[in-house]
Amino acid sequence: MAGPAPPVADELPGPAARRLYSRMEASCLELALEGERLCKAGDFKTGVAFFEAAVQVGTEDLKTLSAIYSQLGNAYFYLKEHGRALEYHKHDLLLARTIGDRMGEAKASGNLGNTLKVLGRFDEAAVCCQRHLSIAQEQGDKVGEARALYNIGNVYHAKGKQLSWNAANATQDPGHLPPDVRETLCKASEFYERNLSLVKELGDRAAQGRAYGNLGNTHYLLGNFTEATTFHKERLAIAKEFGDKAAERRAYSNLGNAHVFLGRFDVAAEYYKKTLQLSRQLRDQAVEAQACYSLGNTYTLLQDYERAAEYHLRHLLIAQELADRVGEGRACWSLGNAYVSMGRPAQALTFAKKHLQISQEIGDRHGELTARMNVAQLQLVLGRLTSPAASEKPDLAGYEAQGARPKRTQRLSAETWDLLRLPLEREQNGDSHHSGDWRGPSRDSLPLPVRSRKYQEGPDAERRPREGSHSPLDSADVRVHVPRTSIPRAPSSDEECFFDLLTKFQSSRMDDQRCPLDDGQAGAAEATAAPTLEDRIAQPSMTASPQTEEFFDLIASSQSRRLDDQRASVGSLPGLRITHSNAGHLRGHGEPQEPGDDFFNMLIKYQSSRIDDQRCPPPDVLPRGPTMPDEDFFSLIQRVQAKRMDEQRVDLAGGPEQGAGGPPEPQQQCQPGAS
């Protein structure tokens with residue numbers, strides 16, 4: 001963004017030039033200071049306008065311009081305009097390197113790394129943050145070193161978190177992570193530990209609290225839930241020490257999440273209640289709804305379905321107030337499960353239909369399929385559906401086309417309502433990284449998203465066929481037979497004779513179509529067969545010589561003229577006025593600050609690892625809402641269990657020997673799963 005070109009100082013008399021530039025410098029600095037004041041007050045949008053005006057005016061003071069770039073980048077970052085933030089942080093980095101400002105280069109590298117992290121470019125972000133760390137260590141800046149360690153930990157944490165959720169979408173059990181994901185999260189933990197050690201040495205309690213919180217979150221993703229609770233308790237203590245209610249609320253919520261995976265549901269409920277209380281003090285309705293959602297699911301695990309329904313209703317009301325359709329749909333799904341567990345299928349059907357409607361509106365295909373199955377089951381139980389197969393088949397066909405495996409609809413009646421009873425029992429698992437089996441007597445419920453130990457017994461457990469069971473078809477067992485559009489037949493003898501005759505006559509015309517060359521033309525062709533290198537450059541359409549060395553000489557000669565075009569021009573920086581004084585400064589200090597070979601080798605190394613990531617499109621992003629918690633472990637469990645729905649259902653045999661008896665005995669103990 002180039003501003004209006006000011007008069008050149010050499011074109012004006014000396015005193016006039018000095019007065020003009022003095023007024024412009026004062027104007028630029030005043031605008032920048034006002035923008036800084038507004039940003040500190042939280043008015044980033046107006047602050048950006050003042051900073052942009054300062055850039056339009058321009059300045060010849062390189063330090064001032066670098067500070068403006070840094071502030072503009074930070075302001076755009078807080079406005080979530082990360083593309084503009086990246087642009088100005090790059091300007092800041094280039095200018096700092098040009099003038100030889102090592103501390104400015106370190107800060108610009110850190111800001112650039114944070115912006116790249118938010119954009120999901122984790123490998124590039126790690127390179128920038130590592131450069132921040134190396135310069136801080138070189139300059140003996142302990143505070144900058146601590147910040148760099150924290151930023152590198154954040155980069156690996158964000159990358160590991162994204163990879164771990166992708167692994168969960170692939171039915172990877174929580175805590176059982178692929179080696180690359182575990183390695184990434186362990187790196188994050190290592191840098192957080194180094195940061196914690198350094199800020200303890202510096203006596204920075206606030207930074208210690210942040211390190212403890214992030215260590216707890218990292219160990220939570222690694223499945224080390226006991227260690228996670230230890231770190232979150234430290235975070236909670238420091239938050240109380242500073243009176244930081246928001247951090248205290250986050251610590252309580254994280255402690256609740258970890259205790260759910262430890263199987264200590266009663267302890268988790270107490271932490272969630274404190275989260276709810278603090279969210280009301282902070283007047284944050286979205287966080288209040290998240291706490292109600294977590295409490296509702298926790299009381300479902302405790303088999304207190306009345307209280308679970310109460311909290312889910314609160315979640316539903318707040319989601320409706322905030323127009324959060326995703327949260328509304330999840331609340332309706334949870335309420336349907338709760339009312340089924342209480343033996344009230346009529347109310348459950350109402351919420352299941354509402355869940356189906358919302359899932360269709362927001363385009364949640366998985367939620368829509370789950371809702372259709374729940375509606376079909378409840379209608380069968382209530383005797384309201386006469387032909388379930390005919391009514392559900394057209395709807396499920398679309399899912400089969402999308403690649404989803406259709407789920408079998410059970411033939412239920414009022415007499416077999418007790419088959420929906422799923423045992424649920426909490427077994428405390430001590431310091432284990434995952435919860436154990438939760439089995440025991442329970443009231444009626446649709447399958448709930450609860451973890452199963454049998455799912456963790458081994459990677460081959462799911463593939464082993466069960467004797468006597470009717471396992472559903474897998475996609476690998478399905479073969480699509482495409483009918484041929486035509487049947488090949490052998491050509492007749494007449495056709496063969498025709499083609500032979502055609503080939504014979506056509507071949508005799510080949511030489512007639514060639515262009516004969518006379519002696520003069522042949523000599524000219526020989527003369528131009530090996531043109532000089534200069535001729536080749538002047539005539540790019542000429543064919544290259546087969547000689548390898550000349551070919552590469554041609555490439556080198558052509559490419560050499562483009563090197564200067566690829567260099568960064570300092571004069572293109574917005575707001576920079578180049579004068580005789582700072583032009584010499586730029587020339588004097590710019591060249592030695594070019595990044596070395598080690599930096600580019602590291603950059604190439606990290607860039608090369610992203611090639612495979614660019615080959616396939618990212619998975620579909622599940623819809624999220626403000627009233628749904630970020631660490632929605634119940635959704636995680638639901639995704640893990642989603643492909644096991646058919647294995648958790650009970651097949652009703654249709655043999656005559658069971659016609660007069662009660663419901664048949666299931667061949668497999670039903671485990672709680674996603675509905």
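First residue shown is number 1, and so on along the chain.
Using the three backbone atoms N, Cα and C, a Cβ is placed for every residue, glycine included.
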Going by Swiss-Prot, point out which residue in Ser359, Ser391, Ser445, Ser452 is annotated as phosphoserine. Ser445
Looking at phosphoserine as annotated by Swiss-Prot, pick the matching residue from Ser279, Ser493, Ser560. Ser493
Of the residues Ser109, Ser413, Ser442, give the one that Swiss-Prot describes as phosphoserine. Ser413
Given the candidates Ser492, Ser507, Ser609, specify the residue that Swiss-Prot annotates with phosphoserine. Ser492
Where does Swiss-Prot put phosphoserine, among Ser469, Ser486, Ser508? Ser469
Using Cβ atoms and a strict cutoff of less than 8 Å, what residues sit near the repeat 'TPR 6' (209-242) while being 6 or more residues removed from its termini? 150, 153-154, 157, 160-161, 164, 174-177, 182, 185-186, 188-189, 192-193, 195-196, 199, 248, 250-252, 254-255, 257-259, 261-262, 431, 433-434, 631
Mean predicted confidence [pLDDT] for the repeat 'TPR 5' (183-202): 97
Same chain, outside the repeat 'TPR 5' (183-202) by at least 6, Cβ under 8 Å from its Cβ: which residues? 142-143, 145-146, 149-150, 152-157, 159-160, 163-164, 177, 208, 211-212, 214-215, 218-219, 221-222
